[in-house]
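Scroll down for the structure; my scribbles are underneath it.
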Amino acid sequence: MSVPSALMKQPPIQSTAGAVPVRNEKGEISMEKVKVKRYVSGKRPDYAPMESSDEEDEEFQFIKKAKEQEAEPEEQEEDSSSDPRLRRLQNRISEDVEERLARHRKIVEPEVVGESDSEVEGDAWRMEREDSSEEEEEEIDDEEIERRRGMMRQRAQERKNEEMEVMEVEDEGRSGEESESESEYEEYTDSEDEMEPRLKPVFIRKKDRVTVQEREAEALKQKELEQEAKRMAEERRKYTLKIVEEETKKELEENKRSLAALDALNTDDENDEEEYEAWKVRELKRIKRDREDREALEKEKAEIERMRNLTEEERRAELRANGKVITNKAVKGKYKFLQKYYHRGAFFMDEDEEVYKRDFSAPTLEDHFNKTILPKVMQVKNFGRSGRTKYTHLVDQDTTSFDSAWGQESAQNTKFFKQKAAGVRDVFERPSAKKRKTT
């Protein structure tokens, strides 16, 4: 409930009055003295209840906010009127204005419908603030104090009369508040709905309602998905059982074959003497083979050592007398004109094989034809294809790239060709194995 504007416009009470209006159990309001108690940190105030419900907590928070809203303007007003002389001047001016207005016209005081507990507590708080400024009011003369006390008593009486009227109004509306509090939320929503424009309700048949159709379609779709999931799970289960069954059959068949092989193995008629003689033969062959390999290795080492001890002339004579033996040496054939060459590779072979001694230079496929009778332009490899060659042979072609750095005529290139380049110097001596020092 808002505070009347007329009461807000009244000047603050600057006196040492220490009484506040208090309502008793019968609803009567009387003035009682206020006993200022010292604040103790962590101690519960006397006015605070021992236990409170959620509604009381909300009401306490609302009262606290109202106190803060009322305290802000009064703090500003008190700060602005900290000077006693300025305060007296303001009070005198306001009183003169009120008296002048009262002489000219009758002021109609607004009717107070009700006063909340926060307002009563706000008045008590203001009076406590006024008591705290008692030391500053010692400079005011006695006549001013008496006049202000009279005004305070008059205003307190008027406030008491107004509160009595408010109590009567509250008693009449108290019976209806209980029923209103139960349906507070519904009335609040109804009040919001009243602000919006109302539309005429139109009946829609159940089968035409979109929401029902969508819900039924969604339920049907969900049911189909569940059935599909069940079907897939059943198929996976059957497939797994089939795989397990096949694996089991394979294991059983393998076990049967193993048992049959063991049954077929009959060692009753074996002769231990024959087995022993066969083992002795195998061991003798192995010993002989190991001895031969060892003797061959020793002979090879002795031959290498002998060749190392020979002089250069003796080594050359030895190599001429005993040429190098090439294993699987093939016959070197003659290739035809533009015949394709197939490289057979080079691998180490310590044993002679007839298949490696064949003539691999024999022509195949298109190489059987005589390509010397073809025109000059067709005497290239892969003629008419993407992989054809540019020249028939490179013997009669100059492939020098004159755009490269080597083809440029410079002092550095000339010096290199004359001193170090091979095949371009006027030297016709046979090169020796050792590099000669050039000065």
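Every residue, even glycine, has its Cβ placed from backbone N, Cα and C.
Here Swiss-Prot flags 61-70 (among others) as compositional bias 'Basic and acidic residues'.
Swiss-Prot lists 71-81 (among others) with the feature compositional bias 'Acidic residues'.
As annotated by Swiss-Prot, compositional bias 'Acidic residues' applies to 112-122 (among others).
The compositional bias 'Acidic residues' annotation in Swiss-Prot covers 131-144 (among others).
The compositional bias 'Basic and acidic residues' feature in Swiss-Prot is assigned to 145-163 (among others).
Positions annotated as compositional bias 'Acidic residues' by Swiss-Prot: 178-195 (among others).
The SUMO2 cross-link annotation in Swiss-Prot covers K67 (among others) and rests on a large-scale study or a structure entry.
For K249 (SUMO2 cross-link), no same-chain residue lying six or more positions away in sequence has a CB closer than 8 A to its CB. Summarising the annotation, Swiss-Prot assigns SUMO2 cross-link to K249 (among others) and lists a large-scale study or a structure entry as the type of evidence.
Taking the Cβ of K357 (SUMO2 cross-link) as reference, residues of its chain lying under 8 Å away and at least six apart in sequence are, in sequence order, N328, K329, A330, V331. Feature annotation from Swiss-Prot assigns SUMO2 cross-link to K357 (among others).
Around K371 (SUMO2 cross-link), the same-chain residues at least 6 positions away in sequence with a Cβ under 8 Å from its Cβ are K336, F337, L338, Q379. Sequence annotations record features per position, and here Swiss-Prot assigns SUMO2 cross-link to K371 (among others).
Take the CB of K381 (SUMO2 cross-link) and look out to 10 A: across all protein chains shown you find 14 other CB atoms. Residues or ranges marked as SUMO2 cross-link in Swiss-Prot: K381 (among others).
Annotation source Swiss-Prot lists SUMO2 cross-link at K415 (among others), citing a large-scale study or a structure entry. Of all Cβ atoms in the protein chains displayed, 11 besides its own lie within 10 Å of the Cβ of K415 (SUMO2 cross-link).
Per Swiss-Prot, the feature SUMO2 cross-link maps to K418 (among others).
Look at Swiss-Prot and you will find S2 tagged as N-acetylserine.
Feature annotation from Swiss-Prot assigns phosphoserine to S52 (among others).
Look at Swiss-Prot and you will find S53 (among others) tagged as phosphoserine, backed by a large-scale study or a structure entry.
The distance from the Cα of S432 (phosphoserine) to the Cα of K418 (SUMO2 cross-link) comes to 19 Å. DSSP places the residues of the compositional bias 'Basic and acidic residues' (145-163) in helix, strand and coil in these numbers: 19 helix, 0 strand, 0 coil. Recorded residues K381 (SUMO2 cross-link) and K415 (SUMO2 cross-link) have their alpha carbons 40 Å apart, per Cα-Cα distance.
Shown are the recorded positions S94, S361, K418, S432; of these, the residue with the fewest other Cβ atoms within 10 Å is S432. Put simply, K418 is the one of the recorded positions S94, K415, K418 whose Cα lies nearest to the Cα of S361 (phosphoserine). Note: the Cα of S94 (phosphoserine) and the Cα of K415 (SUMO2 cross-link) are spaced 119 Å from each other.
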